[in-house]
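To start, the structure itself, in structure tokens.
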């Protein structure tokens, strides 16, 4: 440094990054969903994770420390979580601090730089470990408190200087959390040859005790909360960095030790799918997680270097975060990382990713040195003069309470430490006065407490409702200034009069109380939940007399969103979380419900941005496959999606969860430009609110194929059900068995046992007749539709031709299919599966759906071949060429034709045989007088055999019985198809939320169950009677023959 002489540089200490893993308890949501724990820790260093889909697959990781905080704990009298019994392996906050926090302090006292990083997905417990909650203080407050305790116990001839700074990194912009003035574009990162990267203009505050640091953290948290509400940005998507500069000055030795302590709470590490995999034309909104992604790249590169691999470049400069952490990763620092993980099976992928991340980090090697130097007395005296000379000038420009963070080695540009403390003390006194006033008002007046997704930011903001009337909104003239999406300048008015508080929204402003939107003056009760605008949530605290010892922690962000969802009619039951028989709801449905709740506020915010930016888009949450089932009737995997509608053009898009989240990030950037007064216009192809038109899936219909297994034709009108389980249209379809030439089979061709068709050729036609009452076309006459289906092992879907601008389109398309050698699997498929027919909505300018005929195998007559597994196997095993395969098909077809010809010949021969027997009988009676002796011989022989007439009668009777039995089966199967349709409709009906509608609903359900039962009973009764009649006739005939 230019004002001192550096001591001889000590040898660096080669240290690995110390890595700890901590598993938290189940959240309330995970408990409600019946989550299973997939994490185990059999020692203080090992962590094992079990794959919930494959329980035998387990992976064990070894780290420096493994903390089990999942269970085995209880609260002491102060509310601190401690071990429930001596045998419990529970690790509390003090245990974590003892291992990690004290290590940081020890390094700082020795003069080393020290860094602690907290990594993990949102909600995994990072902030709890770092900051803590309530009586359970985290690492950061414990480190600061013990630092000052240790300073108080040191010798007097030493001077200790502690400064504190706090910043946030969001979308690559740095926000100073100790300054109320937001700099456009954020603070800049600069580079110094000696100091490396630093933040220019960052506020650094001198502190004398832990209470001052506590106040600074509260102040920083309040600024962070206020900033997050402006555009509803989530704190889980930002990094928070606290830096404590600790300097030890040994006055008797002219020696100084300097340590920089960096405590970093990283953004949530959600493993979002690449937007490319979701088919999004726009780049991923990756600026949100750019820092985290680049941090992973830096860690991977450093881990590779530590393993001896050749690494050409460490990408420190690729993001703001990695620039500031350069010394912490592979540089001059002793570094520790705590990886926070969830124990729940539904978080398996995220947890495994976190453990792998931590495993890479532990390979990094740092080269930490003790930061010491000595100053020449002459230089120090000269610097003191310079400082006194320039001190007043510096103070005139800015408050002495604030100090630029980094010393660039020139003491002449700073005031003396004592002078700084003196100036800072005046600021502290003002702050203490404001804090005391706020505490007094909290005890006196009703007020609003903010509720944030991040528990650390909940309850930070307080808005007092004093006697009389006051306005709330964004305008600075309001008594209550509330920021956020959808909040007007004058949004609502509060009145505090006669021991009552009421609220009334202004004009069309959105105000929701306890989940219900209000439009008139409403009286507030203690602990009422209030939403302003799209998603600004507050808890109302009543008059002191109304308050008790309530546990406010249950009124968290999730509680607010669940209540809002319930009021809008969204519940686990509506999503179809039927009990699985063990009393627990379906975990997959509960996971979808969690996604739904999580996305609700995001969709509300996106709609508000669309409204303010005049994009005319309406977004609404839907559940894909909510009422859909597979071909066997089993529920399909459900997932949340977002339906996007342009209210002006009526264009519709369906966005996946991942695509919507990505788009919302980009919407926020555009909206921020709008708020900053910048030009928010973008080219259409870059607009996150726009997409090219696309084909939209409208619904599905199920046509059960059981009749086809018995070679019976059937014609049905079935409903297309949309994603909400409601009727979208009605499909008229006709399916009939036929000959290879396409001639329909008669009733005589009905089989009693489907196995009669095993190994035989089966031909059938699917005829799409028309589509009735298509809502998609009613909403906009310019639209069109297409219908698609795929049966059994077809490689691709068959689509009908598009039909445009017709309300009840007549389709009239027939496709013939052929199974040349019907397999057992194909016959089973016909008996147990349904043909799923999909209805697709077309929009002007979208690409129509098609599938080239070349994708299908066809017979010589043209029918599309199904049940081709055996043929494909032969093709694969013999590796025939395309010409040889075609020749094989032709031979097989010829054999089928010859077999059909032989059947016809056999049928003709049987008829001729009957005719010949009748002729023989007539001839025998005519020649009886002439050939008595011969006739006696013949009579003796034929008396042992039935006559030709009797044979004919027996054949006719057998055929008659078979026909009647086939007819009875046909009637029964048709009744069963009707019953199956009624049952599927019953499954889709959900009870109404309105209690007044519950009685009619129960009556309707009872009637439907009665009709369903009557249909089943009458169908079985008719089948029994028909079979009994057939058996009776057959027995009577047999007795007659005897």
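The backbone N, Cα and C atoms fix where each Cβ goes, glycine too.
The shown structure was predicted, so the numbers you read here are calculated from the model rather than taken from an experiment.
What TrEMBL says about this one:
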type    : residues                               : note
DOMAIN  : 16-364                                 : domain 'Kinesin motor'
BINDING : 120, 121, 122, 123, 124, 125, 126, 127 : ATP binding site
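Shown here: features listed in TrEMBL, placed on the structure.
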residue : record           : contacts (Cβ under 8 Å, 6+ apart)
120     : ATP binding site : 126, 266, 268, 269, 339, 340, 341, 354
124     : ATP binding site : 24, 268, 340, 341, 342, 347, 350, 351, 354
125     : ATP binding site : 22, 24, 69, 340, 342
127     : ATP binding site : 118, 138, 265, 454, 455, 456
Cβ neighbour count (within 10 Å, all chains shown) around residue 123 (ATP binding site): 23
Neighbouring C-beta atoms (10 Å sphere around the C-beta of residue 121 (ATP binding site)): 22
C-beta crowding around residue 122 (ATP binding site), within 10 angstroms: 19
Model confidence over the domain 'Kinesin motor' (16-364), averaged pLDDT: 86
